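Annotated features in TrEMBL:
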{"type": "COILED", "residues": "232-259", "note": "coiled coil"}
{"type": "REGION", "residues": "631-676", "note": "region 'Disordered'"}
{"type": "TRANSMEM", "residues": "6-22", "note": "transmembrane segment"}
{"type": "TRANSMEM", "residues": "34-52", "note": "transmembrane segment"}
{"type": "TRANSMEM", "residues": "115-134", "note": "transmembrane segment"}
{"type": "TRANSMEM", "residues": "154-173", "note": "transmembrane segment"}
{"type": "TRANSMEM", "residues": "185-209", "note": "transmembrane segment"}
{"type": "TRANSMEM", "residues": "386-404", "note": "transmembrane segment"}
{"type": "TRANSMEM", "residues": "433-454", "note": "transmembrane segment"}
{"type": "TRANSMEM", "residues": "531-550", "note": "transmembrane segment"}
Amino acid sequence: MSGVALGVEIVVVFFLALFLLHRYGDFRKQHRMVLFATLLAWFLCFLIVFILPLDVSTSIYNQCKINSNKEKVAVSTEFSNQSSNSSSPTRSPKEVCHKPWSYIPDGILPVFWRVVYWTSQFLTWLLIPFMQSYARSGGFSISGKVKTALIENAIYYGTYLLIFCSLLIYVAVSPKFNLTWSQLQVIGITAANTWGLFLLVLLLGYGLVEIPRSYWNASCHGHLLAKTYFKAAKLMTEKADAEENLEDVMEDVRSSSEAIKYNNPLRKCIDTVLRKCPTEYQEKMGRNMDDYEDFDENRNPCPSKKSLVKLHKQVIYAVQRHNRTQVQWQMLLEEAFHLEDVAKNEVSAAHQFVHSFPSTEPPGWLSRYLYTPTVEWYWECLLRRWFYRALAVTLMLFSVVVVWSECTFFSTRHVLSLFAIFIQLAERDYNYFYIEMACFFTIFYLCYCVYSTVFRIRVFNYYYLAPHHQTDAYSLQFSGMLFCRLTPPLCLNFLGLIHMDSTISGQQREQTAYTTIMGSMKVLPFIAKGFYIYYPMLILLLCIATYYSLGTRCLNMLGFQQFMGESHMTTDLVDEGRELIRRERRKRQRTEDGENRRREWRERYGDPREKCSGRNRNAYSELKENNESLMNSSAFAPVSRRDRSDQTELLQDAEPLDFNAEEPVETEDRRYTGGRYLSTSLSRGRIFDDV
């Protein structure tokens, strides 16, 4: 049963990571190595979160066995003493521990954690940073991209090497420590976890407040609609900027393509750049280019390979940004239309949800039988707001418990951490299912606060996780790198909250296999007894700052427009977004009205093109029959000389007329000057003179 539980969780976690990667990445366009590295990073991080509760229950069971063995030894000692002194009372041993349903045998978890942890560290510190630079490089060969990635990561690797060497020198010089290989591993793990804990507290302090508030605001329909209008105004500005940037980059590509001719050695490079351009720009530049022209009429300077590498990088970024803004604009329009439909249907007395733009796809069995228009009306207009408010209150209480436990988990003599109290109460009765569920929901909420913040933050246009397959390779790998750095310190912080880490609790008890792999933090006491204990208290200050939106106000003062209800800039952007949505609604309404009219016309009168083509075929057949009959009737009729001369004159006058002339030209033997006549009496050598 234990192996089944571990295998099922591994399979579930793999498909969860695959689903998220499919939502944010693009399996068809992005490089396979980028997708594989991101999938592996997400999978390992989620796996740590799901397997850690099983490790906790297994360690509690092992502690129970140790206590039971000690109890048996004590009972046997008392029994031997009782044989010498029959008057002493006897003491019965405690009940034997029951093995949990998800028990993992000894020796499996240490190997499992060692493989998972060191693989994730290899990804986050070595492989993913290298692949980020490789994916962003504009090189035209593998060797060129590798060289660029190594140069860009030289400073990156050097910084972390300097930090590690500083800690190594501190431990080597200190007379208290004898430096060994195990202690060297602990120093590396401590350095990585310290960096991760520093960032973890910042993200967790934001998520503990923002997530409950976001669900509460989602229950307020007016607030949600105003924020959608605000997003529409900002996204339209970004969309226009992306289109302008793409136009500028395509102009540079066009000039470079015209300067580099077919016989230039750099022609292959510019062809690679052209294949990355959108289809409409490729066709436009293809029409204006002659591949067999080996001279430059405008004398444009030929670009170098270095400039083409830079141009290639700009094209990749501009096309990705343009496509992302286009898809986001369409998704935001759908969201705005839906929210406006909810506002209209709230006052409806029919209690049936009516969409302004019904879906063109046929309804599935779920929409026909379960999610009917009546059910949709009750959910969207009545039940959804109360469900979101109840969920927001529940998450708010959970956040208060987390903040309290983070500020008091260092107290071991008097246990104040609520999570530690819950686990210890369940440990007394050896209720392993409750222990695993409590651990899972606690660590899941912590991860949700941290990971959702990672998915929400946006570092200008360099890092941005956009759904609907619009996330670039750099952002995907950056998220995987952050997950691998944040998950190990988050798990250590969770074990400290429930007092399962002996370094913090100071208790002599059976350690989890995960803590064993992390090593003893006593090698660096100023981190184990100082930073790891008191730094998480900063979460309280960050939660207060997030509650009063201090970060949002600072960004708004710096010129980055943020949604603030009392700001005049927010009001102007909301009005602008409302007008944009209204304009797009009218445009879509006109399009659908035109489609409906054409559909009604086809249903009533049929397809006019088919009728027209049938009518032309009938007229052509009738005309052909009439000509054949006339030819047959006049085949043997005598023709006079006058009639033959008239026919010859008519044939000579029926010359083709060229309407492409810029000015009227008078021919030698004709007085008509309304166009240019192409004489049929010209020689064969002059037929292709104008081609």
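Note that Cβ sites are derived from N, Cα and C of the backbone, with glycine treated the same way.
At the 8 Å Cβ threshold, with sequence separation of at least 6, the transmembrane segment (531-550) comes into contact with the transmembrane segment (185-209) through 3 or more pairs.
The average pLDDT computed for the coiled coil (232-259) is 93.
Long-range contacts of the coiled coil (232-259) within the same chain: residues 270, 273-274, 277-278, 281, 285, 288-289, 296, 298, 300-303, 307-308, 311, 314-315, 318-319, 321-322, 324-326, 328-329, 332-333, 336, 561, 573-574, 576-577, 580-581, each at least 6 residues beyond the stretch ends and with a Cβ under 8 Å from a Cβ of the stretch.
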